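See structure below.
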Amino acid sequence: MLEKLIILDFGSQTTQLIARRIRELNTYCEVYPYNKLPEDLSGVRGIILSGSPYSVYDSKAFRIELSELRGKLPLLGICYGAQSLVHQAGGKVEPCDSREYGRTHLTLRQPEDALLTGLQSGTTVWMSHGDTITSLPEGFEVIAGTEDVPNAAFRIRGEKTWGVQFHPEIYHSEEGTKLLGNFLDICGMKRDWTPASFIEATVQELRERLGDDKVILALSGGVDSSVVAVLLNKAIGRNLTCIFVDHGLLRKGEFERVLQDYEHLGLNVIGVNAKEKFFAALSGVTDPEQKRKIIGRGFIEVFDEEARKLKDIKWLGQGTIYPDVIESLSITGMVIKSHHNVGGLPERMNLRLVEPLRMLFKDEVRRVGLELGMMPHLIHRHPFPGPGLGIRILGEITEEKATILQNADDIYMSLMREWGLYDQVWQAGAILLPVRSVGVMGDERTYEYTVALRAVTSMDAMSADWVHLPYDFLAKVSNEIINKVRGVNRVVYDISSKPPSTIEWE
């Protein structure tokens, strides 16, 4: 049985960073909403309680009865998680005179404590909280503090339970990863979860689950579906048929390039031209969520049609990854935005889903692909959304707009490669805005569309920063697009980070 660590999410923006740090330590972990702890804890070796935007005293605060967890498994509370442990045990948590935010230095009171093994006294840690622990309950003891936060870290005597008021998952906490590693050692984790072990376990699981069943896989040309294809091919061979749909919203020349790439991989691929179907279904639709769902339904309908042409197809493969799953439903149950690989599926789908990568972050998918021996140019392609340019054309989607955006995007991507910038950027693309503006070309007045350029850096798509592209490069891209793409007379650059913005505009 796969051993794992569970992270209970109380709504912190850094919960996914905790998961990333644990995964980087070759340990498998899963994130669950604070109130959705699985009943079956077989294989679970420990639990981390995340931070939260709330105070423990807020009426809207997310709460669970922590006494039911204490003593059963090793437990680590971070920020709000630590304060909840104290508050529920009768200690005092009070508002800070001023919000404690930023770097500070940690003084070790008990450096021999198992959680602090190998840490240096004075190490930098990152604080971000409006409340602070002012009094510990009986049985709790301080193991580290800072100048302003004397109870920065504590343990509970007789239990494998700890709490820290700082954020070890944040990069600014210099030895945060070491502290998390110490907790994994306390949990008895083997730290042997690697791309190779994932491949071995996943291939075995796929063989057991699928048996002699046949699978069709939704190919997009991106790294996620590419890795799924190779994994499934490794597990079931010729029982896999790949379906690549041209919905008219791919990048320029994408359909032909993708078919050629997969032919080289020895995969059985069927190309389907469904442009007319998608453009007809999207006619007149402007709502972003509706566009996503229409595109999602269209994909499934096409797959169903293709499956009926084949014999005994029972499964639909998809390249869903962990950020897709997490972003599709927030902790409060409010949809942030549905993902093509998660939402938009018809209620009566004729095929069952198989999603081998649904618990991996993007960088982990890439490492698995390299371990599988896939071509680097497939593995290091920028992420591209399942709905394609459909969520980069704001407002109504038409074939004319799709052509405009394909041409603009092609210029942008080509120049990125020419200038040696492509591999320095996590994701980039052009967006066609539903905005026309006045311009002048020659002696004539124009009234045409605006294209926005987007380029971000990221580790796992859970957060992202905009890229400071050279001005000369941006000027070159702007001039090329305006001069060569009919229908565009203005180019702008998006300088928004995630959060609060998302990587895609829709």
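Keep in mind that glycine also has a Cβ here, set from the backbone N, Cα and C atoms.
Predicted, not measured: the structure shown is a model, and the values here were computed from it.
Residues or ranges marked as active site, nucleophile by Swiss-Prot: Cys79. The feature active site is assigned by Swiss-Prot to His167, Glu169, with sequence analysis given as support. According to Swiss-Prot, the feature ATP binding site maps to Ser220, Gly221, Gly222, Val223, Asp224, Ser225, Ser226, an assignment based on sequence analysis. As annotated by Swiss-Prot, domain 'Glutamine amidotransferase type-1' applies to 4-192. What Swiss-Prot lists as domain 'GMPS ATP-PPase' is 193-381.
Locations of recorded Swiss-Prot features on the structure.
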{"residue": "Cys79", "record": "active site, nucleophile", "Cβ contacts under 8 Å, 6 or more apart": "Ser12, Ser50, Gly51, Ser52, Ser128, His129, Val164, Gln165, Phe166, His167"}
{"residue": "Glu169", "record": "active site", "Cβ contacts under 8 Å, 6 or more apart": "Thr14, Leu17, Ile18, Arg20, Arg21, Ile78, Gly176, Leu180"}
{"residue": "Ser220", "record": "ATP binding site", "Cβ contacts under 8 Å, 6 or more apart": "Phe244, Gly319, Phe384, Gly386, Gly388"}
{"residue": "Gly221", "record": "ATP binding site", "Cβ contacts under 8 Å, 6 or more apart": "Phe244, Leu250, Glu254, Arg257, Val258, Asp261, Arg381, Phe384"}
{"residue": "Gly222", "record": "ATP binding site", "Cβ contacts under 8 Å, 6 or more apart": "Gly319, Arg381, Pro383, Phe384"}
{"residue": "Val223", "record": "ATP binding site", "Cβ contacts under 8 Å, 6 or more apart": "Lys362, Val365, Arg366, Gly369, Leu378, Ile379, His380, Arg381, Pro383"}
{"residue": "Asp224", "record": "ATP binding site", "Cβ contacts under 8 Å, 6 or more apart": "Gly319, Thr320, Ile321, Leu357, Lys362, Val365, Pro383"}
{"residue": "Ser225", "record": "ATP binding site", "Cβ contacts under 8 Å, 6 or more apart": "Leu217, Ala218, Leu219, Gln318, Gly319"}
{"residue": "Ser226", "record": "ATP binding site", "Cβ contacts under 8 Å, 6 or more apart": "Leu219, Asp261, Gly319, Gly369, Met374, Leu378, Ile379"}
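Taking the mean position of the Cβ atoms of Ser220, Gly221, Gly222, Val223, Asp224, Ser225, Ser226 as the ATP site, the remaining residues of that chain whose Cβ falls within 8 Å of it are Leu219, Val227, Val228, Gly319, Leu378, Arg381, Phe384. Reduced to three states, the DSSP call for Ser226 (ATP binding site) is helix. Per-residue pLDDT, averaged across the domain 'GMPS ATP-PPase' (193-381), gives 86. Secondary structure at Cys79 (active site, nucleophile), as computed by DSSP, is coil.
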